[in-house]
Amino acid sequence: MSTSSSAVSQLKNSPLAGNINYEPTVWSRADALKVNENDPTTTQPLVSADFPVMSDTVFIWDTMPLRELDGTVVSVNGWSVILTLTADRHPNDPQYLDANGRYDIKRDWEDRHGRARMSYWYSRTGKDWIFGGRVMAEGVSPTTREWAGTPILLNDKGDIDLYYTCVTPGAAIAKVRGRIVTSDQGVELKDFTQVKKLFEADGTYYQTEAQNSSWNFRDPSPFIDPNDGKLYMVFEGNVAGERGSHTVGAAELGPVPPGHEDVGGARFQVGCIGLAVAKDLSGEEWEILPPLVTAVGVNDQTERPHYVFQDGKYYLFTISHKFTYAEGLTGPDGVYGFVGEHLFGPYRPMNASGLVLGNPPEQPFQTYSHCVMPNGLVTSFIDSVPTEGEDYRIGGTEAPTVRILLKGDRSFVQEEYDYGYIPAMKDVTLS
């Protein structure tokens, strides 16, 4: 869906955006009809039901490797660091015991989002993660939930900016600065005490809670554009407008085959990948820009967007669910991607459909929240893996890492590694 004329006018007159002017790329229904859940080159290997668990005391899900603004995953003084969304497991809490007094881990897992906290882990090996604890003390974050974002190592002094999402009440992109301290024994993240809210959905480009009570606005991922050197950020949003008011027009349809013109209730799915630009490299002041990619009539969620810059191309990845697809479309939980030669597009859906790495049909919920790193490694967490009959095992732990090859507009699954294998691409020695 293209931007309204008033929105473009505001953009042209904006102090930070300068002469930026572009139309969002449309991920069309015709593109999404090409999604093939049975293509082995875009299917994640099966996860065994006997997987190991990182912790018996906490669930983990969205995983955020410490990195620099160009995407390089870094270690510090030889220690790799990841942040994860974390929630305590409650095996002895009466509210999570069933009628027979047994722990209902499935219900505990389903309730985790309401108590999500940002925690950190460290390792000498890029796996075998040691739990470090909370990043922010209780009460530092101004909302009840701490949702995903990106930790950025700023310099060799150990300063870190954690961009994340403040949720409930509302949803805001926020930043908190702290530092990393290392020793021979381990790692400590310290002084994450002053949270600054950067921006919220504006209602012009991005849907607000007032426009749709089930709106999506989260998952900041800052980066420096390798071409212009400016600091930008992608994030998940929904296209602005009252719920149900969007039109699935010719652009959103794309060249669909006969029999696919009727889209039913697809107007309710209005996901997009948002963009903002910073005033300078400090990242203290930001201005919202129009979406880079819209999925009106295709999908309602484009979570955790992030870039890989390779071979002069911009690879823009996001994750999405089967259940958030619009009526008449389907696709696996997993990674979707778009590729272009410029930050502002236009973009092309990778592998023609957008699908890069999906769960296998026989285990549709085995993994989620993938993060594609510049070395081609892809990390994710285990959600649930089928066991006997209709039963399944809850994960809440790191999944096996896989490697994908990016070749032009195409991608290929190549290798599988150990659970939670997230090696640094570069070691930073603190001064």
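Including glycine, each Cβ sits where the backbone N, Cα and C put it.
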Say Swiss-Prot lists Trp61, Asp62, Arg218, Asp219 as binding sucrose: which of Ala137, Ala148, Ala276, Ala278 is in the same site, per that record? Ala148
List nothing but the largest Cα to Cα distance in Å, as a whole number, among the residues Trp61, Asp62, Ala148, Arg218, Asp219 that the record says bind sucrose. 16
The most crowded of the binding-site residues Asp62, Asp219, judged by neighbouring Cβ atoms within 10 Å of its own Cβ, is Asp219
Around the C-beta of Ala148 (sucrose binding site), how many further C-beta atoms are within 10 angstroms, looking at every protein chain? 26
Quick note, Trp61 (sucrose binding site): same-chain residues at least 6 apart with CB under 8 Å of its CB -> Thr84, Leu85, Arg112, Tyr368, Ser369, Phe381, Asp383, Gly396
